[in-house]
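Visitor: Dropping the structure in here first, questions after.
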Amino acid sequence: MANSKYEYVKSFEVEDKLMPSTWIVVRIDGRHFHQFSDEHEFEKPNDKQALELMNSCAEALLEEFKDVVFAYGVSDEYSFLFKKTSEFYQRRASKIVSILVSFFSSLYVMKWKTFFPLKELKTIPCFDARAICYPSTKIVQDYFSWRQVDCHINNQYNTCFWMLIKSGKTKREAQDILKGTQTPEKNEILFQLGINYNELPAMFRKGSCVFRDKVEEIVKYNQDGDPVKRLRTKVGTVHRDIIGDTFWREHPEILSD
């Protein structure tokens, strides 16, 4: 930028560097997505294509930004974890948040027709985002446990609510039936409606985990016709329990310093 008498205006810019040597989580949330899902007639309580669209956007984001080592998504929300040593845009919060949320929103629009070939995009999908710093891997694990617990609570309630609606109840009647109920009672309500909650798709119950993993692939065949294989890194999505240590022990590279 050329020097001029107007350059003093730069002094009003606020320094917004995030704390060094901490894990950065950027959580993206759909804005007015209840209305958006109604306008586009998403299946209730879960629309498989809408969730897979979100997952595809998250995978593309990890492909683009190598400092993002893990992502967890549910409904219209996704959390992206930056490695502890990241210096992405000098750790400036405004840059990090604006780049991720604009990139994700653009992907959502670009990929819409892939997942909804027969539906026009009637309104503009919009997401907000925030950045949070966490000092330890234990707190990072607790953060993602919190999001997965929320996934279970919200999904179980929504599944009960919409199944009651589909059985003929009004929205007010469904709310009254569910008021004050705990997990076992909700499971019993679903069972009476012919649904075993534990047999619902894992993506609905557990959310989606996106990360880089080693996969084996065949690169060629030797003279004897035997395959020659190699390991390569690939971004993929799984639907796993991330509460507790099992998942993280199986993938130690995610939270490695």
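Any Cβ shown, glycine's included, is placed from N, Cα and C.
Please treat TrEMBL annotations as automatic predictions, because they have not gone through curation.
Relevant sequence annotations retrieved from TrEMBL are reproduced here:
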type	residues	note
BINDING	D29, D76	Mg(2+) 2 binding site
BINDING	D29, G30, R31, H32, F33, H34, S75, D76	GTP binding site
BINDING	D29, G30, D76	Mg(2+) 1 binding site
DOMAIN	6-135	domain 'tRNAHis guanylyltransferase catalytic'
DOMAIN	139-243	domain 'Thg1 C-terminal'
Visitor: On a simple 10 Å Cβ count over all chains shown, which one of the binding-site residues D29, D76 is most densely packed?
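Guide: Going through D29, D76 one by one, the largest Cβ count within 10 Å is at D76.
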Visitor: Could you tell me how many residues in the domain 'tRNAHis guanylyltransferase catalytic' (6-135) are helical, how many are strand and how many are coil under DSSP?
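Guide: Helix/strand/coil tally for the domain 'tRNAHis guanylyltransferase catalytic' (6-135): 57 helix, 31 strand, 42 coil.
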Visitor: At its widest, how many Å does the recorded GTP site span between Cα atoms of D29, G30, R31, H32, F33, H34, S75, D76?
Guide: 13
Visitor: Between S75 (GTP binding site) and D29 (Mg(2+) 2 binding site), what C-alpha distance do you get in Å?
Guide: 9
Visitor: Grab the pLDDT values for the domain 'Thg1 C-terminal' (139-243) and give me their mean, rounded.
Guide: 92
Visitor: What are the helix, strand and coil residue counts for the domain 'Thg1 C-terminal' (139-243) according to DSSP?
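Guide: Output for the domain 'Thg1 C-terminal' (139-243) reads 54 helix, 26 strand, 25 coil.
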Visitor: Using a 10 Å radius around its CB, how many other CB atoms surround F33 (GTP binding site)?
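Guide: Summing over all protein chains shown, F33 (GTP binding site) has 18 other Cβ atoms within 10 Å.
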Visitor: For Mg(2+) 1, what surrounds D29, G30, D76 with a Cβ no more than 8 Å from their Cβ centroid?
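Guide: Those within range, site residues removed, are I28, R31, F33, S75, E77, F127, D128.
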Visitor: In angstrom units, rounded to an integer, how far apart are the Cα atoms of D76 (Mg(2+) 2 binding site) and G30 (GTP binding site)?
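Guide: D76 (Mg(2+) 2 binding site) and G30 (GTP binding site) have their Cα atoms 5 Å apart.
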Visitor: By a simple count, how many Cβ atoms lie within 10 Å of the Cβ of R31 (GTP binding site), its own Cβ left out?
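Guide: Its Cβ shell of radius 10 Å holds 13 other Cβ atoms.
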